[in-house]
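Visitor: Reproduced below are the annotations present in Swiss-Prot:
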ACT_SITE  108  active site, proton acceptor
BINDING   32, 33, 34, 35, 85, 86, 87, 88, 99, 100, 101, 102, 126  substrate binding site
């Protein structure tokens, strides 16, 4: 029985959405992972000329250069026009998300907080009733104090686990030098409460809770097509 790749459908939907709202890419902020690469390839297929893109990670910078984009230095730009990224989980009602599966949550959080328009693209399998249902909540922590930060997180009952990778020994370290720790929280009743709690833990640099940052979430469907969730921040198509 035939069907469609939800991520390809979501990438097409994001470009359609930009066309409907009259969004100019301008300086583009780009998340990390295969999802945003599909968006960029779809843009190229539609004849969108590569411009300046500010990456959230070194991995993204390499991909952008390979696709002909001018890679903007995040140390120079004060903000971006449009930010495009995927998500590990998305709560449709409020547009809340968990991100950081690729370990780039710090760069992704900064870029999305300094963007005029944020569009997140996901497959329908990423939708959840409550954040934490399917994936852990990642945090980036200071590398020199990992054990102490872990102790603080354990005392809060957050079930932390230092992320490891089969490609290397030791913990996963972000491009910004922080250690990635996954919190096995289970479904969250109060994501904002957890965000506030984590920000009061010394040594936590950033969290993978993306709350109040989405303008639109484009959901790709395996049955073909997509649906647009939002606007979440007062915009309208």
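From the backbone N, Cα and C atoms, a Cβ is placed for every residue, glycine too.
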Visitor: With H, G and I counted as helix, E and B as strand and the rest as coil, say where DSSP puts residue 85 (substrate binding site).
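Guide: It is in a strand.
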Visitor: Please list, in sequence order, the residues in the chain of residue 99 (substrate binding site) that are at least six apart in sequence and whose C-beta is under 8 Å away from its C-beta.
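Guide: Residue 99 (substrate binding site) has long-range Cβ partners 31, 85, 86, 87, 88, 105, 108, 109, 138, 208, 210.
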Visitor: Which of the three DSSP-derived classes (helix, strand, coil) applies to residue 99 (substrate binding site)?
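Guide: Residue 99 (substrate binding site) sits in coil per DSSP, no helix or strand.
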Visitor: Among the recorded positions listed here (34, 85, 87, 101, 108), identify the one with the smallest other-Cβ count within 10 Å.
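Guide: So among 34, 85, 87, 101, 108, the recorded positions given, the one with the fewest Cβ atoms within 10 Å is 34.
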Visitor: For a quick check of understanding: given the listed substrate-binding residues 32, 33, 34, 35, 85, 86, 87, 88, 99, 100, 101, 102, 126, what is the maximum Cα-Cα distance in angstrom, as an integer?
Guide: 16
Visitor: Only counting partners 6 or more residues apart, tell me which same-chain residues put their Cβ under 8 Å from the Cβ of residue 32 (substrate binding site).
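Guide: The list for residue 32 (substrate binding site) reads 55, 56, 57, 59, 60, 85, 102, 103, 104, 107, 108, given in order along the sequence.
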Visitor: Take the mean position of the Cβ atoms of 32, 33, 34, 35, 85, 86, 87, 88, 99, 100, 101, 102, 126, the recorded substrate site. Which other residues of that chain put their Cβ within 8 Å of it?
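Guide: Neighbours found: 31, 36, 108.
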Visitor: If one looks at the chain holding residue 126 (substrate binding site), which residues at least 6 apart in sequence have a CB under 8 angstroms from its CB?
Guide: 86, 87, 88, 89, 90, 134, 219
Visitor: Based on DSSP, name the secondary structure state of residue 126 (substrate binding site): helix, strand or coil.
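Guide: DSSP assigns residue 126 (substrate binding site) to helix.
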